[in-house]
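Written out below as C-alpha cells is the structure these notes cover.
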Amino acid sequence: MATVDQTGIPNRLTRPRQAASDVPEWISGIPVSWWVVGVALLFMPVVAGNFVLFQIFGWAFILGMIALSLMFLGGYGGMVSLAQMSIAGLAGYMVAILGPSGVQTISLFWPWWLYIPVAILIAALFATLIGALAVRTEGIYTIMITLAIAAAFFYFTRQNYTIFNGYTGFANVVPPELFGINWRRPIPFYYLTLACAAISFAVVVYVSRSPFGLALQGVRDNPRRMAALGFNVFAHRVFAYTFASIIAAVAGILMVWQNAQIAPGTAGLPAVIDILVIAIVGGLKRPIGPFIGAFIYVILRTYAPDILLALNLPGDRFKLLIGLGFLAVVYWSPDGVLGLWEKWRSHRQTRGDPLTGQGGKS
Amino acid sequence: MSLTAERNVGEMLTAAGTGNALELRGVTRMFGALAALTDVTLTVKPGERRGVLGSNGAGKTTLFNCVTGDFLPTSGTIRLFGEDVTSFPPHERIRRGLRRTYQISLLFGGLSVIDNVYLACRGVSRGRFSMRRPRRSDALMQSATELIDAVHLGDVAETLVAELSYGQQRQLEIALALAGAPRFILFDEPAAGLSPTERSDLVAILTSLPRHIGYIIIEHDMDVALRVAETVSMMHNGRIFKEGLPSEIENDPEVQELYLGGGHG
C-alpha cells in the first residue's frame with residue numbers, strides 16, 4: 001500500500017497547466033473510458049427496467065459509498081475500520097427517529113432540511129469518537145476495536161426500545177416529496193443514488209491530492225516522519241474518520257429510504273462483513289474499487305440463487321458462491337478485481353503483439 | 001534562494017525565545033536496564049553549528065530522538081529557544097522551528113519529489129487539513145520549488161521518490177529539513193553513502209545556510225564534520241565526555257584513542 005492513488009487521471013497537482021485552454025486540467029485529464037461509463041450511467045434508465053435501476057444499481061451505489069468510506073480510511077489512511085456500516089446505520093436510524101416513520105411514538109417528524117443534516121452530524125460525531133479510540137491501535141487491533149464497536153451498536157439497537165425501537169426498528173421511513181417527486185420511484189431513486197455516489201467519488205478523488213489527503217497518505221506510509229514535519233498524526237487520523245463518515249452517513253440515509261425501514265439487522269455483523277468483502281473484492285487502492293466490488297456483490301446476491309437452481313443446486317446457498325468468489329479474488333489478487341484488471345492490462349502492454357494489439361500470452 | 005522568505009510560526013517565536021537555541025540538562029534515556037543516554041548536558045547557542053562525534057552505539061541518534069520527541073527522556077529537561085519542551089509531542093517541537101534529517105532516509109516513496117517537499121512546507125504552516133488542491137502558483141508550492149532547486153533536484157521534481165538514486169534521496173532528506181522557517185536543525189549522518197562530489201555539494205549546502213540557523217550534525221566522516229562544525233562534542237557510551245573546537249578535538253589524545261584509533265585515521 002505504499003503507492004499513492006494514480007487513478008490513471010493525469011491530475012497530479014504539479015503537472016504544468018496546458019496553455020491556451022479554458023478547460024480546467026482536471027476535466028481535460030479525465031480519460032475517454034470514464035466519459036463513456038458516465039454517459040452510459042446517465043442514460044441507463046432508457047434501457048434498464050425498474051428492478052435493475054432500483055434493486056441493482058441503487059443498491060450497488062449505496063453499498064459502494066459505504067465501502068468507499070472504508071476505502072478512504074484503508075487505502076489512504078492504512079486504517080481498516082469495520083464500523084463504517086454502523087455509522088451508516090446510525091445515520092439511517094437518525095433519519096427514522098428525527099424524521100417521519102411508522103412508529104408515531106418515537107419519531108419526531110422534523111422537516112427534512114433539519115433531520116438530514118442533524119443525522120449526518122450525529123453520525124460524524126459517532127465516527128469521530130470511534131476514530132479517537134481506534135487510531136491509538138494499529139493493524140489487526142484497529143479491526144478488532146471497530147468490530148467490537150459494530151457489534152456493540154448492533155446489540156444496543158436491538159435491546160434499546162426507547163430510542164431505537166429494539167428488535168422491530170422503524171418501518172415506513174420514506175424520503176421527503178421534494179419538488180413533487182416521489183424519490184422512492186425507481187427512476188428518481190436511481191438518479192438520486194447515482195448523484196450521491198458520483199459526488200462522493202469525485203470528492204474522494206479530489207481530496208486525495210489535497211494537503212489533507214496527501215498528508216493522510218504520508219501518515220499511512222511514515223507516521224514518524226510526518227510528525228517530524230510538523231503534522232499532528234493523531235488528529236489527522238481522527239479527522240479521516242470524520243471525513244469518511246459523511247460519505248457513509250449519506251449512504252445510510254439512502255439505504256433507509258430504499259428499504260423504507262431500518263432494523264438492527266441492517267447494521268448487523270453479516271452486513272458489516274459484507275462491506276469489508278465488497279471493498280476488498282473491488283480493491284482498496286482506488287476510489288472506483290468499492291463501486292466495482294459493490295456491483296459484483298449485488299449481482300451475485302440477486303442472481304446467485306437462479307444460477308444455483310439452474311445447476312440443480314439448492315438456491316439458498318448463494319452465500320457459498322459469494323464466499324468462493326471472495327476467496328478466489330483474495331487468492332489471485334490481493335488488490336481486488338482492480339488489481340486483476342491492472343495485471344491483465346500491463347501483461348497485454350508488455351507481452352502483446354505491438355502491431356495487432358492482440359495476444360498477451362507469451 | 002531565500003530559505004527565510006517564509007515568515008511563519010518559527011519566525012514569530014524568535015522574539016519570545018531567549019538564551020540558547022537548545023539546552024539539555026541531565027538528560028537520561030533508559031531502554032530497560034540499558035542507559036542509551038546518561039546525564040547528557042548540552043548547550044547550543046542560536047546560530048551555532050555543532051558536530052557530534054562518537055562510535056556506533058555512543059547514543060548520538062538517541063540524543064536526536066530525545067530532542068525531537070520521538071522518545072521522551074527518562075529524566076532531565078530539554079529547552080528549545082528557552083521554552084521547556086521536554087514533554088512536547090514531536091510536531092509541536094517542529095512547529096517551533098526544530099527540524100531533523102534521518103540517518104536512513106524516511107521519505108514518501110509513492111509521492112513525487114515536489115509533493116514530498118510540499119508536505120514538509122505544509123507541515124509547518126497553516127492549512128494542514130485543507131481540502132483544496134494546491135495550485136502551482138501557491139506561495140507554499142513556490143517555496144517548495146525553490147527548496148528543490150536549492151538541493152539540485154529541480155530536474156526530477158516530478159519523479160516519484162522511490163525512483164530517485166540514493167544520493168538524490170539524501171539531498172531530498174535535507175530539503176525536507178529546510179522547509180518553512182527552520183531555526184535549528186539536527187542532521188543525522190547526512191553524508192553517509194554519498195560520493196565525494198555529493199559530499200562537497202553537501203558541505204556547500206550546509207555552510208551556505210543563513211547564519212541564524214544553527215544545527216547539530218552527527219557525522220562519521222571527519223572531513224565533512226570538521227569543515228561544517230564550529231564546535232564539537234564527543235560522545236561515548238551515552239555520555240558527552242569532551243567539547244571543544246574542531247582543532248582541539250582532532251589533536252586530543254583521548255579522542256584519538258577512543259574514536260580515531262579504531263582504524264579511522
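Just so you know, glycine gets a Cβ as well, placed from its N, Cα and C.
What TrEMBL records for A:26-46 (among others) is transmembrane segment.
Look at TrEMBL and you will find A:52-73 (among others) tagged as transmembrane segment. Non-local neighbours of the transmembrane segment (A:52-73) in the same chain are 41, 44-45, 79-81, 84-85, 87-88, 186-187, 189-190, 193-194, 196-197, 200-201, 204, 240-241, 243-245, 247-248, 250-252, 254-255, 258, 274-276, 278-279, 282, 284, 286-287, 289-291, 293-295, 297-299, 302; each lies 6+ residues outside the stretch with a CB under 8 Å from one of its CB atoms.
What TrEMBL lists as transmembrane segment is A:85-106 (among others).
Sequence-distant contacts of the transmembrane segment (A:112-133), counting only residues of its own chain at least 6 positions beyond either end whose CB sits under 8 Å from a CB of the stretch, comprise 81, 83, 86-88, 90-92, 94-95, 98-99, 145-146, 149, 175-176, 178, 237-242, 244-246, 248-250, 252-253. Per TrEMBL, transmembrane segment is recorded for A:112-133 (among others).
Annotation source TrEMBL lists transmembrane segment at A:140-157 (among others). Non-local neighbours of the transmembrane segment (A:140-157) in the same chain are 79-83, 85-86, 89-90, 93, 130, 133-134, 164, 166, 169, 264, 267-269, 272; each lies 6+ residues outside the stretch with a CB under 8 Å from one of its CB atoms.
Per TrEMBL, the feature transmembrane segment maps to A:189-208 (among others).
What TrEMBL records for A:229-256 (among others) is transmembrane segment.
Away from its own ends, the transmembrane segment (A:262-284) comes close to residues 1, 63-64, 66-67, 70-71, 74-75, 80, 82-86, 88-90, 92-93, 96, 147, 150-151, 153-155, 157-158, 164, 166-170, 173, 255-256, 290-294, 296-297, 322, 325-326, 329-330, 335-339 of its chain (Cβ-Cβ under 8 Å, at least six residues beyond either end). Feature annotation from TrEMBL assigns transmembrane segment to A:262-284 (among others).
Long-range Cβ contacts of the transmembrane segment (A:291-314) within its own chain (Cβ-Cβ under 8 Å, at least 6 residues beyond either end) map to 55-56, 59-64, 67-68, 197, 201, 274, 277-283, 321-322, 325, 336-338. Sequence annotations record features per position, and here TrEMBL assigns transmembrane segment to A:291-314 (among others).
Sequence annotations record features per position, and here TrEMBL assigns transmembrane segment to A:320-341 (among others).
Within its own chain, the transmembrane segment (A:320-341) is flanked in space by residues 277, 279-286, 288-289, 292-293, 296-297, 300-301, 304, 307-308, which lie at least six positions past its ends and keep a Cβ under 8 Å from the stretch. Among the recorded stretches A:26-46, A:85-106, A:189-208, the one sharing the largest number of Cβ pairs closer than 8 Å with the transmembrane segment (A:229-256) is A:85-106.
Packing against the transmembrane segment (A:85-106) from elsewhere in the chain are residues 66, 69, 112, 114-116, 118-120, 122-123, 126-127, 130, 149-150, 153-154, 157, 162-165, 168-174, 176, 245, 248-253, 255-257, 262, 266-267, 271-272, 274-275: each is 6 or more residues past its ends and has a CB under 8 Å from a CB in it.
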